[in-house]
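Positions annotated as region 'Disordered' by TrEMBL: 1-26. According to TrEMBL, the feature transmembrane segment maps to 36-55, 76-103, 123-156, 176-200, 220-244, 256-278, 298-327, 569-590, 602-627. The domain 'FAD-binding FR-type' annotation in TrEMBL covers 335-445.
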Amino acid sequence: MEKETVDSTPLLSPTKEKTPSSSSSSSFLVSATKWVIKYLICIIFIGWAGFIFLMPEESVNELMSKWINLTTGNPLGTAGSIFMLFSAPILIIAFLAIAYLLVSGEDHIPEKKSTKYPSFRLWTFPVIIKGPFGVVSATELIGIVLFSAYVIFAIYNYTMRALASPSHHHLDRRIFMLEILGLRFGGIGLMCMAFLFLPVSRGSVLLRYIDIPFEHATRYHVWLGHLTMALFTIHGLLYCVAWAMDGRLVEELIQWKDIGVANLPGVIALIAGLFMWVTSLPGVRTWNFELFFYTHQLYIIFVVFLALHVGDFVFTMAAGGIFLFILDRFLRFCQSRRTVKVVSSRCLPCGTVELVLSKPPNLRYNALSFIFLQIRELSWLQWHPFSVSSSPLDGKNHLAVLIKVLGKWTQNLRDRITDADEPKDLSVKTITASVEGPYGHEVPYHLMYENLILVAGGIGLSPFLAILSDVLHRVREGKPCRPRNILVVWAVKKSNELPLLSSIDMESICPSFSDKVNINVDIYVTRESDPPLEEGHVYKPIKSSMCPMSSDFGMSVLVGTGDNFWSGLYVISSTVGFVILLVLLYIFYINPYGVYKWWYKGLLFVICMVASVVIFGGFVVALWHFCEQRSSVKEKSNDSVKGDHKIEQNGFMAHKSSIQDSSVAKSIVTRYGSRPNFKEIFEGMSENWGHVDVGVLVCGPPTLQESVANEIRAHSMIRQRHYPIFHFHSHSFDL
């Protein structure tokens, strides 16, 4: 117990025995430090975003010119001045976010609200239900409005300035307008691109700081991607029309200037971007996911040729977000090199596979986490995201995922596991996996609420099994746990999916849990009007195969969401190394030798970005890996003495009993031939729970999310004062 207390202690908390006064003083110091960091981040971000928003104003452009003239004496020249304006702020925010996470400590439990009355939250209140954006919260709507306002304001401002500018005598007025607007659309697209790569940095310290998990952030990347590519496409079309009108289209398309913008690299970058854009459209992505996945690797071509197109000092406007993405991508590459042996696997009759993967004890995750999984025996290229179905309290040496058979890859996985049960070929029992992650919420927000409604569709039950297990373990062990009333609403197509619920035996985890937490499960079997003739005996036995647990094949801890110290040191060392390489490059090569070619300096800038991550960041990763190996050996030695592996494995499998044999079945109601009526459900909970905050977590198809969000919005509009406030949380992953 003492070790756990020390591990979860924030950085500024003393580890010695605490008196009440010293504990209070330490808590105040931690809180004060966190508030200072928060305010600094807010000030820097507002200043940075505000500058970008107002940049179309001529007065702001004049201030920017004065700044460049004032700071042009730095070793990087104009590129350094622009880098300090556009990229340095986001990197400084990343440094401050690292400090915040270190001060906060590893174990994040949501703080209890100071008020006893429930209140609306912009982040959890759905405003737009249907449309191209899906379910949109009030906070997300504010972000959409701000980005739209910026684009409209910038286009209007630049257009008015272009109309007011006198054209040169040798240029046709129309051609001049097209070219100047094409230039401005490209600049607006570049500003949007400054944000584009931030949401797809899976283990980004920025996403961890604001507690937006990657599965949510992908939506923002999709929105920004559509906006950015639309702007870049208009940028290219306006120039093409202008050149065609002037009779020099082909000449301009293949032109590659040394001083100024090189057109041909821009054409190549735009073509790569268009391929990514078209194949990412919902219809194409659904039709052929592999096509979307492989064409999206063209982002490398897109970024490199964009740098060749605009040169170093223009590229620095978007370099900050791209650099943070490179940091994340390299760390993911290092983590995915480790092969992970599957501890156990089993097949359920509904076409679902459960895999239990070994992991080191110091690799933390929570019940809302997910991983990216690759099975080497099936494909070396395909990676698929899955929510974890186990709680970190189920055992420190493993995590579990549930995988529903929906396509060729998952079908081959199920076939392989089924074949493993055949005694004729024991070698296929070993399934070699590679894992990236775990990723997800920094704070387990299911612990924020005393009242929870978990709405699942089909395999969407998987993360809620982890939540139930997490709550029950916390109740049994006396850990901080706020939920006391939990309603699970689960909609399935056929009754053969019901064994999914047998993945957790609640009574085994926490005997007599009903005395401490009220859990009810409402199951809706939508495509069967009657229960099976012999309910309780119709399901096939669960097929399973076991592999010996080995910490030598555990997941790697080299992940951005892992150890705060090492991940922070990795980011800081890479960033400092990047600046050092740039300064050395300019002092000893570019300036002395008079390198003037824009495209060449843009290429060197990208090379410095990658080299700093590989050299400086790679050195930290090597140290991190070495410390992990030593820690694993020590942990393995301790476990061999205590026999923890065996106990944990047996304990984990003991929780996998049939739901029909558990006394918890009394709290389960199964309805056939009907769908959940969320209006009735929310009204019933309003009468039972009263004036409280209720967290509604939804994991399922878009139609299910829309139905729940629509009912929450309708309830919020007409709710009575003594009724609960429902807070919408989506836990669905859609690339």
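Quick reminder: no glycine exception, Cβ is built from N, Cα and C everywhere.
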Cβ under 8 Å to the transmembrane segment (602-627), counting only same-chain residues 6 or more beyond its ends: which ones?
79, 303-304, 307-312, 315-316, 319, 322-323, 326-327, 330-331, 334, 556-558, 563, 566, 569-571, 573-578, 580-582, 585, 590, 595
Please list the DSSP helix, strand and coil residue counts for the domain 'FAD-binding FR-type' (335-445).
23 helix, 43 strand, 45 coil
Stretch among 36-55, 123-156, 220-244 sharing the most Cβ pairs under 8 Å with the transmembrane segment (76-103):
36-55
Same-chain residues near the transmembrane segment (36-55), Cβ under 8 Å, at least 6 residues beyond its ends:
61, 64, 85-86, 89-90, 92-93, 96-97, 99-100, 103, 146, 150, 153-154, 191, 194, 209
With pairs 6 or more apart in sequence, are the transmembrane segment (123-156) and the transmembrane segment (220-244) linked by at least 3 Cβ pairs under 8 Å?
yes
Would the transmembrane segment (298-327) count as touching the transmembrane segment (176-200), if touching means at least three Cβ pairs under 8 Å and pairs must be 6 or more apart in sequence?
yes
